[in-house]
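All remarks here apply to the structure that follows.
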Ligand code: GLN
């Protein structure tokens, strides 16, 4: 059962071959056993899951099922879950039990899906390796059979590792600079970051509000489409949510790709990309040519400014967003504060980890009087130029393709001493968030036994086309079905 896709499990439940209670028991048993090696979950909500599975079986029996009714999945621990701890990977929120659901959480609940627990992540989604979690690092299932402990990527490393290891068929995730696509690539699974504004941010703990976007991780493009069907849509509770019709993302998966115009951004095929990685990506693109697509080189001339602009804008927004964690209303509070100032300062000194503090310091500096024009305002102008690069590219081609990451999963601890080498993990993903366009990572081969991701980038609101392109590729390749030992 654990090797089946969401689409297949849904059909088995519908035919009555298996009940949601049986399925949920099987996944919970596997999860509790296998996750000791991976640490991909922060919490497992066994009792709630079994109760939801019972309810789902009743819904099916009553003929009121959606495709998700009774299907197990997991939420990244950044989405608020009513009555269930939501930590964001931080000591600051280790004791936080939200009194409400995020819109994404509520949508899955309404669809009848069965949440098995909350997945591990970098603290406050800041990172590319899931090593900064207060609850310990997550290990990538790839490499374990050789005795290697590799990172699953981050910040949604728990979701990606859990899906790769078949602990859940699907998991929610978020992406501010690459946090869905980079872990999906490093774990050999399929992930989608939708257009900014497509999925509600209500109840999704904020890191950098103008960049954060909720999205999907599963093994196949089809399962990503099933997830997005539940997640996408206008939400009056999120002021940046966009009121625009939501298509059925599964309806166009089988469209032929003949005539699809693919652009290869030349700036994404240089620098620190290894020859072996490049060969895997180019051979994936040749598959697309066989499917009838045309390929040409395009340019994103401001690509090399993306990391610098992001590491001003994202920390600036983070420094403002994280000012709410002060020990006054919820979350961690230091012991025996002497006075109010002592409570604020010690709570924040003790509650936040090193990377989060680094971002708050950088962001506060960039926003401070006298530096605002030189850093924050300048970065926003660069952001506009980066956005224009994508607008120009999409006047010539339908999608862009590139590697998702410059290299495969690295060994734990390899990049923790130098933050800048960690930041460079996102060199091919970050500009997409600055522009706000959607992008996917799709399994496209292996280098030294480790998965390689193909990134497919689309114009605003072209999620259906991206999913179609990924699905067609997955009809002629089986990289997404490879299972780590
Ligand atoms: N790795 C990037 C960062 O650390 C992006 C993280 C994310 O997308 N949440 O900020």
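Backbone N, Cα and C define each Cβ position, glycine as well.
Per TrEMBL, the features are:
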- 22-467: domain 'Amidase' (DOMAIN)
- 76: active site, charge relay system (ACT_SITE)
- 155: active site, charge relay system (ACT_SITE)
- 179: active site, acyl-ester intermediate (ACT_SITE)
**Complete:** Among the active-site residues 76, 155, 179, the ones with a Cβ under 6 Å from any atom of ligand 1 are 155, 179
**Fill in**
Neighbouring CB atoms within 10 angstroms of the CB of residue 179 (active site, acyl-ester intermediate), all protein chains considered, total 36
**Fill in**
Per DSSP (three-state), residue 76 (active site, charge relay system) is strand
**Cα-Cα distance linking residue 76 (active site, charge relay system) and residue 179 (active site, acyl-ester intermediate), given in Å to the nearest integer** = 11
**Message:** Measuring Cα to Cα, how many Å separate residue 76 (active site, charge relay system) from residue 155 (active site, charge relay system)?
**Reply:** 10
**Item:** DSSP three-state assignment for residue 179 (active site, acyl-ester intermediate)
**Value:** coil
**Prompt:** Taking the Cβ of residue 155 (active site, charge relay system) as reference, which residues of that chain separated by at least 6 in sequence fall under 8 Å from it?
**Reply:** 89, 121, 122, 125, 126, 127, 128, 130, 174, 176, 179, 183
